[in-house]
Amino acid sequence: MFENSKKVESSSSPSEYDEPNPSEAGSANAPLTRPPGVHRVCLPPRQTSVQKLRRRLLEIFFPDDPLHRFKDQTWFRRLVTGLQCSFPILKWAPHYSFKLLKCDVVSGVTIASLAIPQGISYAKLANLPPIIGLYSSFVPPLIYSVLGSSHHLAVGPVSIASLVMGTMLSEAVSYTEEPALYLKLAFTSTFFAGLFQASLGFLRLGFIIDFLSKATLVGFMAGAAIIVSLQQLKGLLGIVHFTSKMQKFPYLSSITETRVISSLQWSWQTIVIGVSFLALLLTTRHISSRRPRLFWISAAAPLTSVILSTILVVCLKSKLHDIQTIGQLPKGLNPPSAHMLLFTGGHLALTIKTGFTTGVLSLTEGIAVGRTFAALKNYQVNGNKEMVAIGLMNIAGSCSSCYVTTGSFSRSAVNYNAGAQSGVSNIIMAGAVLITLLFLMPLFHYTPNLILAAIIITAAVSLVDYEAAYKLWKVDKLDFVACLCSFFGVLFISVALGLAIAVGISVFKILLNVTRPNTVWLGNIPGTQIYQNRNRYTQAVRVPSFLILGIEAPIYFANSTYLQERILRWIREEEQWLASNDICDLRCVILDMTAVTAIDTSGLDMISELRKMLDNRSLKLVLANPVGSVMEKLHKSNVLELFHFEGLYLTVGEAVSDISSSWKDQA
């Protein structure tokens with residue numbers, strides 16, 4: 001918006017363009033004095049290069065000014081504040097009460113009932129032993145409860161990260177033929193994921209994950225959800241031989257070929273029981289989504305389904321002998337796995353790539369979920385602290401037989417609706433998982449794989465966000481195209497390449513906005529000094545003899561040539577219109593620089609060349625309201641010498657009034 005302001009940027013020292021030099025008052029080259037009512041355009045306060053660099057770095061890496069709470073504090077208070085910043089649990093633990101504990105116990109037990117079956121299911125999705133999913137629901141939540149700043153984030157394995165890890169590792173190593181090597185690669189990938197996440201937090205480089213835009217994530221998750229659901233048809237339909245490829249067509253062909261070749265590959269008992277439990281889980285999710293107060297129904301449904309299906313298999317063991325079950329799971333706590341990390345060998349590059357990919361995805365999901373529920377409860381989640389917390393818990397997890405974990409949206413939603421008040425709910429959940437690991441593992445021996453497939457499909461369905469896709473189509477067609485490209489990339493190529501396409505589209509969109517910035521034709525709203533886009537405001541009128549253009553982006557090397565060509569086109573089209581309508585000639589071009597927040601040397605050269613080109617055509621070029629940094633560079637590059645007072649104004653309105661008055665005086 002190009003509403004003009006009378007604000008003048010302060011200057012600690014006068015500029016050579018602020019006032020005429022008294023010694024030059026009688027010379028022919030002395031600049032003209034400003035007419036009354038026309039404001040000066042001042043330079044910003046002078047700063048050394050070190051001061052500018054320091055200020056810029058602070059704005060890039062410390063926009064939230066994290067050290068402000070240490071100001072005017074004693075050394076002891078600074079120590080306490082530092083510990084509270086590093087370990088958020090120290091900030092809320094002193095104020096914790098029994099009333100809050102009751103709420104956290106209820107929410108912790110509730111999410112444990114969801115986390116236990118999901119942990120087992122997601123581990124199988126990553127082609128890992130089911131017990132790894134339970135290990136990953138024990139250690140990481142404990143670490144996050146100490147380091148994390150979200151009160152409602154429920155930590156554990158998630159479907160997308162599990163799918164991506166399983167896909168990328170399975171392309172190089174078979175989890176059936178080399179299970180030990182596959183497990184080592186999974187732990188090593190988790191270590192690199194945590195290392196990458198923690199590094200982003202420590203170095204305050206969290207803006208890197210912003211390259212995954214909301215639009216591309218919507219498409220990516222929807223495509224991944226379909227792939228996940230198709231993959232689980234193996235367990236849901238009882239198919240023995242199934243493709244290991246992660247695309248739509250291999251899955252469908254595997255199903256149809258299996259059905260044609262041998263009907264024995266299909267187990268009707270598995271189909272009936274699996275579809276029945278899937279319908280039950282989807283129904284409970286639908287009820288809870290329609291009535292949030294009944295959240296406990298969908299939260300308890302997975303564990304209830306596991307119990308019922310296990311009892312059914314045990315009671316009808318002789319008749320349901322074709323149904324595949326989980327089998328024996330080891331009892332006990334997480335065994336150490338630091339000795340299983342592989343930092344040498346031919347698979348190092350694979351683990352780094354897998355760790356980076358799963359790290360970005362899990363970090364994006366975890367921070368987004370944490371901020372969502374923080375906004376509902378009116379508290380703030382520090383993004384960099386979250387990166388450090390999630391990264392350190394994954395590093396610790398890789399050394400304690402865990403794979404990549406983050407904040408799950410489904411479990412966090414249940415945690416929030418159950419009344420969680422702090423990170424203690426994660427501790428309670430970890431305690432419930434601990435009891436399961438120590439005493440209840442034999443009960444899962446006869447749990448059928450079909451119920452795990454049903455749980456995963458139910459969770460995957462929620463990842464397909466039709467409403468978000470429709471909103472993208474309605475609001476921004478380019479975002480919708482990015483969403484579709486990401487969706488079809490995952491669905492028809494591969495999950496990893498689909499993610500790469502998503503990132504590539506996000507970067508392309510940024511480059512498109514930078515290299516092809518918007519320029520608008522401004523007109524005057526009658527009776528005011530306001531100049532606005534004529535296409536937007538129909539009441540804005542053309543100003544005779546003036547072409548007023550607004551540039552809505554910084555001017556860089558990537559767009560300077562385009563802007564020059566676009567401005568010359570505006571001028572050509574305006575001159576042609578004036579000639580065809582036999583109206584007075586164009587005499588002045590005004591560039592509103594209000595939205596030009598930065599400029600580089602290529603942009604300065606473009607301004608200089610444009611000024612000279614218009615001078616040769618007897619057209620006047622005027623700049624209106626350049627911001628401080630742009631004004632400073634114009635001054636240092638000597639471009640201002642081409643303009644002087646008559647080519648530089650604080651507002652478009654002042655420029656039009658002053659230049660029109662000068663033309664009248666000359667007439």
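Just so you know, glycine gets a Cβ as well, placed from its N, Cα and C.
Automatic, uncurated: that is what TrEMBL annotation is.
Secondary structure of the domain 'STAS' (536-659) per DSSP (helix as H, G, I; strand as E, B; remaining residues coil): 61 helix, 21 strand, 42 coil. Per TrEMBL, the feature domain 'STAS' maps to 536-659.
Residues or ranges marked as region 'Disordered' in TrEMBL: 1-39.
The annotation transmembrane segment is assigned in TrEMBL to 153-175 (among others). Counting only same-chain residues 6+ beyond the ends of the transmembrane segment (153-175), those with a CB under 8 A from a CB of the stretch are 111, 115, 118-119, 122-123, 125-128, 133, 136-137, 140-141, 144, 181-182, 185-186, 189, 221, 224-225, 227-228, 231, 244, 246, 347, 350, 353-354, 357-358, 361-362, 365-366, 369-370, 373, 393, 403-408, 411-412, 414-415, 420, 425-426, 429, 456, 459-460, 463, 494-496, 499.
TrEMBL lists 181-203 (among others) with the feature transmembrane segment.
Residues or ranges marked as transmembrane segment by TrEMBL: 215-243 (among others).
Summarising the annotation, TrEMBL assigns transmembrane segment to 263-282 (among others).
Feature annotation from TrEMBL assigns transmembrane segment to 294-314 (among others).
Per TrEMBL, transmembrane segment is recorded for 427-444 (among others). Sequence-distant neighbours of the transmembrane segment (427-444) (same chain, 6+ residues past either end, Cβ-Cβ under 8 Å): 104-105, 107-109, 111-113, 115-116, 119-120, 130-131, 134-135, 137-139, 141-142, 145, 154, 306, 310, 326, 328-334.
What TrEMBL records for 450-468 (among others) is transmembrane segment. For the transmembrane segment (450-468), the residues of the chain that approach it from at least six positions outside its boundaries are 117-118, 120-122, 124-125, 130, 159-160, 214, 218, 221-222, 224-226, 228-229, 232-236, 238, 270, 273-274, 277-278, 281-282, 285, 302, 305-306, 309, 323-324, 326, 409-410, judged by C-beta separation under 8 angstroms.
Residues or ranges marked as transmembrane segment by TrEMBL: 480-508 (among others).
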| remark: Other same-chain positions with a Cβ less than 8 Å from the transmembrane segment (181-203) and lying at least 6 residues past its termini are 61, 126-129, 132, 165, 169-170, 172-175, 209, 337, 340-343, 347, 350-352, 354-356, 358-360, 362-363, 384-399, 401-404
| Arithmetic mean of per-residue pLDDT over the domain 'STAS' (536-659) | 90
